[in-house]
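The structure appears right after this line, and notes come after that.
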Amino acid sequence: MFYKEENFKKTEIGEIPEDWEIVELKDVCKKIKAGGTPKTSVEEYYKNGTIPFVKIEDITNSNKYLTNTKIKITEEGLNNSNAWIVPKNSVLFAMYGSIGETAINKIEVATNQAILGIIPKDNILESEFLYYILAKNKNYYSKLGMQTTQKNLNAQIVKSFKIPLPPLEEQKQIAKILTKIDEGIEIIEKSINKLERIKKGLMHKLLTKGIGHSRFKKSEIGEIPEDWEVFEIKDIFEVKTGTTPSTKKSEYWENGEINWITPLDLSRLNEKIYIGSSERKVTKIALEKCNLNLIPKGSIIISTRAPVGYVAVLTVESTFNQGCKGLFQKNNDSVNTEFYAYYLKFKKNLLENLSGGSTFKELSKSMLENFKIPLPPLEEQKQIAKILSSVDKSIELKKQKKEKLQRMKKKIMELLLTGKVRVKT
């Protein structure tokens, strides 16, 4: 099915197979045109509209195929603006904002002025192939847009894009192969989304109702099982604040081996519950001279400056900056830190709402210390943490599989869309 190409020619866009052509987009498309936005102040242009109206967020929120839009316009709105009907199976291309975002519309649509509708010529250029060519070069188009005065692309620039043009049948085969990979990625994404919904439901049920309870009582944090108690964080955890050693002193940072965790490190975990490394590390000298709080593994780190509420459990002893607080348990016999990490993640919105500050939100040490939390029996804490951790592991495995497929797709795109590897037709 595949073979390695041996015969290449040099072109403006690099080496391509001898039997491929280089063409400008305008020469292989029937139409390349931006849309327009009907006046939002005119109700008749939008009320009970039936024409899907594409904005950039519709493209960024879709995968390869666009099948729906958030907003719809009326015929009157269409006729009183620069919007036009883009036939289905055309290519939509963003010129502003998220430059280079691309989709194929599976329904007839109108677009706003930030989006080009591109209709390829029949029997010359396949929409599916064009989609992948544009997607492959997205970063280049984005940089190109940033070089213009307006920091955007325009229709004239896009019309002059030079693209490789393999024989039509080969275009179809290339698109078919890449579509199969995209379908695999989409299946995994759906599975991840399903698991995340399951986890959300489990967190709500387990962290408020526990496991196997039939008797409940009212409390300051809502209805909880009868044998659960309510305490403030300071009753169960020692709360420590973080700091930043002087960045002007290299002895505090150079060849540092001690984790120095920031809210950014926590935000990069996504849904993971554990953290074992940080982007920047400090030295033992910094630890001694700057009175940094070093807290043991198994402790909780929570971001308390914008963004508030990112939480993780340490897998190694670490220190942290002033955007975080460290919580380590006072009594190991009654606390499972994984349970409380999940509980604090579950209460992220409430913690954000408690945060004060006009410039940026911050959860003070006293606010966190006084925050009320439940205390279930230790074995139940462990069971709840184990269930949620198991779902997290499943999600993480799916994400790793998705990332592997995405890496594979990128390599295959590079080989097929440059003609280094050919598809037999």
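Cβ from N, Cα, C; glycine included.
Per Swiss-Prot, the stretch carrying the note coiled coil among 19-68, 219-268, 369-418 is 369-418. Among the ranges 169-208, 329-368, the stretch that Swiss-Prot annotates as coiled coil is 169-208. Break the region 'Distal conserved region (DCR)' (369-418) down by DSSP state and the numbers are 42 helix, 4 strand, 4 coil.
Mean pLDDT for the region 'Distal conserved region (DCR)' (369-418) in this predicted model: 97.
As a summary of secondary structure, the region 'Central conserved region (CCR)' (169-208) carries 40 helix, 0 strand, 0 coil according to DSSP.
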